[in-house]
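Taken verbatim from Swiss-Prot:
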ACT_SITE  His115  active site, pros-phosphohistidine intermediate
BINDING   Lys9, Phe57, Arg85, Thr91, Arg102, Asn112  ATP binding site
Amino acid sequence: MERTFLAVKPDGVQRGLVGEIISRYEAKGFTLVGLKLMVVSRELAEQHYGEHKEKPFFSGLVDFITSGPVVAMVWEGKGVVAAARKIIGATNPLGSEPGTIRGDFGIDIGRNIIHGSDAVETAQREISLWFKSEELADWSPTLTSWIYE
């Protein structure tokens with residue numbers, strides 16, 4: 001089954017949106033297999049955003065993600081990477097559709113509430129960066145047979 005990495009950023013945690021965000025993925029039928037509240041180290045932030053290292057906004061990304069607690073999560077399910085991105089909405093909240101997390105709660109691109117892996121390969125890299133294998137639960141909810149054929 002496919003897995004993706006999501007992180008509720010410091011603005012989402014401070015605004016009390018963690019429960020709302022988790023509820024959206026549970027209601028969709030995805031399975032939460034990893035969850036932790038953490039303060040992100042500068043080293044982890046720089047690794048996570050490594051692809052943007054030469055871009056002018058890199059230091060701002062690192063400063064923001066390390067500015068407060070983050071809720072890191074791993075979700076599992078059929079097509080979860082693409083579906084999670086649809087639930088999140090466009091990077092710029094002002095361009096996000098109503099009904100998406102960013103469309104409903106975001107205003108500014110620099111405070112866009114949540115990160116989600118953009119591809120299966122990215123998800124695998126991000127999951128291994130943020131979680132040890134023993135921190136991920138291998139389980140199936142009883143409702144799985146009601147969601148998948």
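A Cβ is built for glycine as well, from the same backbone N, Cα and C atoms used for every other residue.
Owing to the predicted nature of the structure, the values given are computational and were not obtained by experimental measurement.
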For ATP, with binding residues Lys9, Phe57, Arg85, Thr91, Arg102, Asn112 per the record, max Cα distance (Å, no decimals) returned as 22
Lowest 10 Å Cβ neighbour count of the recorded positions Lys9, Arg85, Arg102, His115 is held by Arg85
Neighbours of His115 (active site, pros-phosphohistidine intermediate) among binding-site residues Lys9, Phe57, Arg85, Thr91 (C-alpha cutoff 10 angstroms), in sequence order, are Lys9, Arg85, Thr91
Among the binding-site residues Thr91, Asn112, the one whose Cβ has the most other Cβ atoms within 10 Å is Asn112
